[in-house]
Structures are given as structure tokens and as C-alpha cells.
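Right, one structure below, let's go through it.
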Amino acid sequence: YNSFRCYRLFSAQILLSVYSFVPLEGVNTVIQRLNKYNIDTGLHYDRYLREVIDFLEKDQHFREKLHNTDMEDIKQGKLAKELDFVSHHVRTKLDELKRQEVNRLRTLIKAKQDLEGGNDIAVDHQALLKQFEYLNHMNPHTFEVEDLDRLIRSATKDLENYDKERHEEFKRYEMMKEHDRQEHLKTLDDDERKKEEEHYEEMKKKHADHPKVNHPGSQNQLKEVWEEADGLDPEDFDPKTFFNLHDTNGDGFFDEQELEALFTKELEKIYDPTNEEDDMVEMEEERLRMREHVMNEVDSNKDRLVSLDEFLVATKKKEFLEPDSWETLEQNQAYTDDEMREFEEHLAQQEQDLNQKAFDLQKQRDELERQQEQLNAQKMELQQVRNSTLLMEKGLLL
Ligand SMILES: [Ca+2]
Ligand SMILES: [Ca+2]
């Protein structure tokens with residue numbers, strides 16, 4: 001219980017940087033996603049974040065402060081300041097974690113530079129480190145109050161943007177898929193191209209042909225889970241029992257992962273990994289859409305968790321009992337024509353840059369070869385001079 005409350009209070013601090021009016025009981029726990037259930041936040045500094053929290057939790061003083069800090073103090077950022085009082089051992093460990101993290105970032109920067117071929121340019125690491133806002137790069141050796149404050153703020157902000165970025169990534173994935181398809185078509189003759197296009201349309205039709213998908217979070221959808229996954233009698237369907245059954249970690253809330261798990265049955269109606277026409281990347285995008293939709297409808301205090309109360313309120317709404325039909329992913333194109341055009345331009349630009357680079361390299365090679373030839377010629381000239389000198393010395397010339 002203590003540990004759970006710690007996480008909730010800690011995250012109170014986290015969320016307050018964004019919503020300064022959220023009541024304590026409704027406060028989300030970003031950190032809860034990282035706790036003993038070991039869920040990956042997907043942030044690139046996930047490991048660092050997790051390790052910092054783990055070590056702070058080990059410090060009795062800090063843990064107690066988490067437990068006893070009231071709302072006013074959390075609001076004023078006093079929690080981060082409590083870092084000054086944690087034990088020397090924990091501080092030393094945090095310093096070490098930060099040094100490792102800074103080193104990891106430096107390696108990343110170096111690898112990126114190598115990839116871009118900018119070896120000869122002097123790298124201003126300090127300036128590049130600035131882009132990583134979740135730690136204080138000006139002070140790379142010790143973990144200070146500011147580091148904790150920055151970590152809390154960044155994790156909150158980045159997690160909020162995480163879904164948005166996943167949608168963008170998916171869009172790029174779909175555009176790349178279409179690009180590759182068009183490029184492949186260009187390599188075919190008329191007959192082959194026609195056959196390929198027909199096959200494509202056929203697969204599209206086959207993919208769109210699936211049993212009706214229930215509106216996510218509706219009574220019908222949950223009842224199917226109740227009946228097929230839980231093996232219970234639909235006549236006995238009871239929202240509270242359902243909630244407790246699927247609150248897998250038993251913390252009294254549906255988190256994002258627990259919600260997403262509820263949609264597996266629906267997704268299996270549309271996607272089968274053994275079918276050519278079903279793309280599993282698209283399935284994960286559909287899962288994300290479903291989870292976002294239910295969160296939007298049900299999570300009324302916007303803490304990214306569904307409490308039992310919120311759930312029960314939702315089960316009394318009209319949308320739960322008589323929902324609209326759900327529009328699946330394939331019913332709409334993931335990108336607009338404009339976005340596709342922009343994407344193609346971007347690819348063309350990239351290709352042009354690569355060609356330019358190859359051209360420059362070839363030029364450099366030619367230049368080196370020319371210099372080598374010059375050198376060889378000079379060498380030969382020198383040799384000739386030497387030979388003549390030798391002959392002269394022996395009095396054979398003249
Ligand atoms: Ca839960
Ligand atoms: Ca909620």
C-alpha cells in the first residue's frame with residue numbers, strides 16, 4: 001500500500017506541472033506504468049527514469065516524504081527539493097546513473113554524427129546535449145534537484161505526446177508502403193502491372209471482409225469478452241465483476257495496457273497474422289485507436305486511468321447500451337494526398353542528397369588518384385635524375 005501511495009504522490013508532483021488543479025485522489029501515476037509490473041513507457045530514457053525512481057524509493061526519508069507531503073507542498077515543488085535530504089549512498093548512486101546517462105547520450109550523438117559522415121567537423125557536445133531536456137547537461141557529473149525536476153516534467157510531457165508520435169509514425173509507415181508499391185509497379189511491364197494491381201485490389205477487399213466489429217467499450221463488446229475470454233454466461237454479465245476480473249494488477253484502475261488487452265477479441269476478427277492481406281502493424285494502430293477512444297469517453301478526470309466509478313458511470317450511458325457502429329482503420333486512408341506528395345518530395349530530396357554525397361566522394365577519389373599519379377611521375381623524374389647523376393659520376397656520360 002505504501003509503495004502504491006508513493007507512486008501516486010510522486011506522480012501528483014508530475015501531473016501538477018501540467019494540471020495544477022487536479023484533486024489528489026484523481027491524480028495519474030505516470031510512474032505507475034513503470035512500477036513493479038515493469039511496463040515500458042517507450043521513452044528513450046525509460047531505463048534512466050525507472051532506475052532513478054527505484055533508487056529514490058529505496059531511501060527511507062524520501063519515501064516518507066512522498067507519503068506525508070501535502071498538496072500545497074507538492075504544488076510548490078518541494079518534493080524535488082527533498083532530494084537534498086536523501087542518504088549519501090542514494091545520492092552517489094544517482095550521480096552515477098546520471099553520468100552513465102550522459103555518456104549514453106554522448107555515444108548516441110557520436111553515432112549519429114558518424115552516420116551523417118561529419119567526422120571532420122569539431123563536435124560541440126555541450127550544445128547537442130542541450131536538446132535532451134530531461135537532465136541538466138551543464139552539470140554532467142552530479143544528480144541535483146534540477147535533474148529530478150526536469151525528469152518529472154519531461155516524462156509527463158513526452159508521455160502525453162507519445163500516442164501522437166505513434167500515429168505519425170504509423171502514417172509514415174503507410175506512406176512508405178505505398179511508395180514501395182508504386183516503385184515496384186514501375187519495374188513491371190503492362191501485363192504484369194495489371195495482374196499486380198488486380199491482386200492488390202483483391203487483397204484489399206479480402207481484408208475489409210470481416211465480421212462486424214463491436215464499438216470499443218460498449219456493452220456488446222465487453223459481453224463478448226465476458227463470454228468468450230472469461231467463459232462466463234452472458235446472462236450474468238455484471239460490470240463490477242467485469243472490472244475486477246480485468247483489472248489484472250488489482251490496483252483498482254484500468255490502465256492503458258489493461259484496456260488494450262480488452263480489444264484482442266475484436267482485433268482478431270479483422271487481423272490474422274497468417275493472412276497476406278492483414279498487416280499486424282495496422283492491427284496495433286487499430287488497438288491504439290480503440291484505447292484512445294475508450295479513454296476519451298470514460299476517463300472523465302483525464303488522469304489516463306479508468307477508475308471503477310468512472311467505469312460504472314460509463315456503463316449507464318446510451319453510448320454503452322446502443323453504440324454507433326465502429327469505423328475500422330481500413331475505411332479511411334491513413335494520409336492525405338498532400339501528405340503523400342510531401343513525403344515523396346522528402347524521399348526525393350534524401351535521394352538527391354545521397355547522390356550528391358556519392359558524387360563528392362567520387363570527385364575526392366579522382367583527385368586522390370590524380371595526386372598519386374603526379375607523385376609517381378615526380379618519383380620517376382627523381383629516379384631519372386639520380387640515374388644520370390650516377391652515370392655522370394662514373395664518367396660514362398659526355
Ligand atoms: Ca489496473
Ligand atoms: Ca480517470
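Glycine too: its Cβ is placed from the backbone N, Cα and C atoms.
If you check TrEMBL, you get these features:
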SIGNAL    1-20  signal peptide
COMPBIAS  178-204  compositional bias 'Basic and acidic residues'
REGION    178-218  region 'Disordered'
DOMAIN    234-269  domain 'EF-hand'
DOMAIN    286-321  domain 'EF-hand'
COILED    347-388  coiled coil
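Per-residue pLDDT, averaged over the domain 'EF-hand' (286-321), rounds to 92. Residues of the compositional bias 'Basic and acidic residues' (178-204) grouped by DSSP class, helix first, strand second and coil last, total 24 helix, 0 strand, 3 coil.
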